[in-house]
Amino acid sequence: MTTELILGGARSGKSSHAEWLAMQSGKQVVYIATATAGDEEMAERIVRHQQDRPAEWQLVETPITLAETLRAYDHPDRCLLVDCLTLWLTNCLFNRDLDTDWPEQKAALLSVLDSVQGHIIFVSNEVGQGIVRWAKCHVVSSMKAAGCTKR
């Protein structure tokens with residue numbers, strides 16, 4: 001098993017780089033999207049990402065149950081590209097429409113990583129070197145994201 005973490009600032013080319021790595025893997029790519037179209041701008045970004053991806057890549061949308069998805073699609077001949085951990089964390093912490101338990105989801109993800117057979121590429125925003133807005137929700141999510149990517 002190979003696990004890679006692609007970190008960078010917002011709109012810095014992380015997804016493009018991760019997609020290039022997935023293509024270079026020579027494996028069947030499963031693109032695991034965690035984004036939800038909460039507003040028009042995000043909906044447009046999702047469409048752009050979909051148009052940029054190769055047609056033969058399988059798309060799985062999973063805003064919350066990332067560990068279950070990784071377990072279900074794991075195979076030695078597959079590359080699982082998860083884009084992105086930051087949005088997944090945001091969904092787990094703040095989306096009241098989705099039933100979630102953050103500690104449970106985090107534990108499940110860390111547990112499944114020990115048994116994955118395929119190649120996983122995670123994309124995540126780097127949150128420790130930039131400016132953090134001092135609203136409580138931004139501070140909490142930044143601290144949790146930093147802790148998540150350390151593991």
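Numbering starts at 1 and runs along the chain as displayed.
Cβ coordinates come from backbone N, Cα and C, glycine included.
Whatever TrEMBL says is automated annotation, not expert-curated.
Note that the structure is predicted; figures quoted are calculated from it, not measured.
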The GTP site in TrEMBL includes GLY8, GLY9, ALA10, ARG11, SER12, GLY13, LYS14, SER15, ALA33, THR34, ALA35, GLU61. Which of ASP83, ASP101, ASP114 is also listed there?
ASP83
Hey, of the recorded positions listed (LYS14, HIS49), which one tops the CB count within 10 A?
LYS14
Using the structure shown, find which entry in ALA10, ALA33, ALA35 (the binding-site residues) has the sparsest Cβ neighbourhood within 10 Å.
ALA10
Among GLY8, SER12, ASP83, all listed as binding-site residues, which has the most CB atoms within 10 Å of its CB?
ASP83
Rounded to the nearest Å - Cα separation of HIS49 (active site, GMP-histidine intermediate) and GLY8 (GTP binding site):
17
